[in-house]
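Features as listed in TrEMBL:
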TRANSMEM  22-42  transmembrane segment
TRANSMEM  62-83  transmembrane segment
TRANSMEM  90-106  transmembrane segment
TRANSMEM  151-174  transmembrane segment
DOMAIN    224-399  domain 'Major facilitator superfamily (MFS) profile'
TRANSMEM  225-242  transmembrane segment
TRANSMEM  248-271  transmembrane segment
TRANSMEM  291-309  transmembrane segment
TRANSMEM  315-337  transmembrane segment
TRANSMEM  349-372  transmembrane segment
TRANSMEM  378-397  transmembrane segment
């Protein structure tokens, strides 16, 4: 296939970006930060909100299926509309809904209100995910060099900052609703100020205007896009498993105190954020395929360290290596998916996002079921299988 400037040979230097491209990059970074701050801020206040509505663990787990339902509805809608509707409008709608819903969900006082908020949360997040990544691809194309990892770094850093802000707000006695409302106001004002800079995607070819929705969807089912969806799934599976089980493994299997166990996950998250900050620089020099294989190697060493040597030192080091190795995998998959011939950026990215979505959802229960049979340490060996899957599917990524 003909590669765009974003997929040029390693070390090729692109011309300086235009003023419009720089502005677009700033605005898309803000959209990624909106998503990340919402995730981090909400996660830090979940225990208080759950207690306020009187939900036990089982009820809370059931309530979260509402978020999954919202995800599914939005993904189906986006998959059908993405080639025909401007991604700027979709991005605006998803970000606005996320910002408005966050304080309402945090102020829920009944289970019904919380379930409605969770369903809206899932819908808004999935409505935003495809267009914001497609916009990142458009900005990357205008720069002529890799940028996707940097956008995902904005998300990762915002998650960490949102979590820290939530922790600080809780310590100061600020209610979850107040915290989320202030955050939404600040980010919403920033979005209004920079939203006109958000890029839109190139329109679909004119001769496709009469195609039905199913024909447009079938056009995206190509071997390369399916392999990219597999890569996104495997990376998402690893992220979901580590997010839900790393601290539990450190506490229950290794016997670490709660604070130390939480620090194991924090180490992973920080390693991921830092790597994403430098990921584009490395990708530009190594090429995407070499970079992906190097990432797989690092993540593989991390998974082996965690499973083979159950010790606090290898837990910290192993999960850090997993964060380092997996950090740039999804951004690279999205970047390639958004540059497929005959498809808009949004259409290509939508396939990778649909592949990514079940990974994060399935990882926690799969690890839990395996842990119930053979123990958590053995269950975490699935991480190595997922890393191997990424390495094998790397052939879908151009050099």
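Including glycine, each Cβ sits where the backbone N, Cα and C put it.
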Intrachain neighbours beyond the transmembrane segment (62-83), with Cβ under 8 angstroms and 6 or more residues off its ends: 55, 90, 111, 114-116, 118-127, 130-131, 134, 204, 208, 213, 216-217, 343-344, 346-347, 350, 353-354, 357, 361
Close approaches to the transmembrane segment (151-174) from elsewhere in its chain (Cβ under 8 angstroms; 6 or more beyond its ends): 28-30, 32-45, 48, 132-133, 136, 139, 183, 269-270, 272-273, 276-277, 279, 327-328, 330-331
Tertiary contacts of the transmembrane segment (22-42) (same chain, 6+ residues out, Cβ under 8 Å): 91, 95, 98-99, 102, 105-106, 121, 125, 128-129, 132, 135-136, 138-139, 142-143, 147, 150-152, 154-166, 179-180, 183, 187, 190-191, 194-195, 197-199
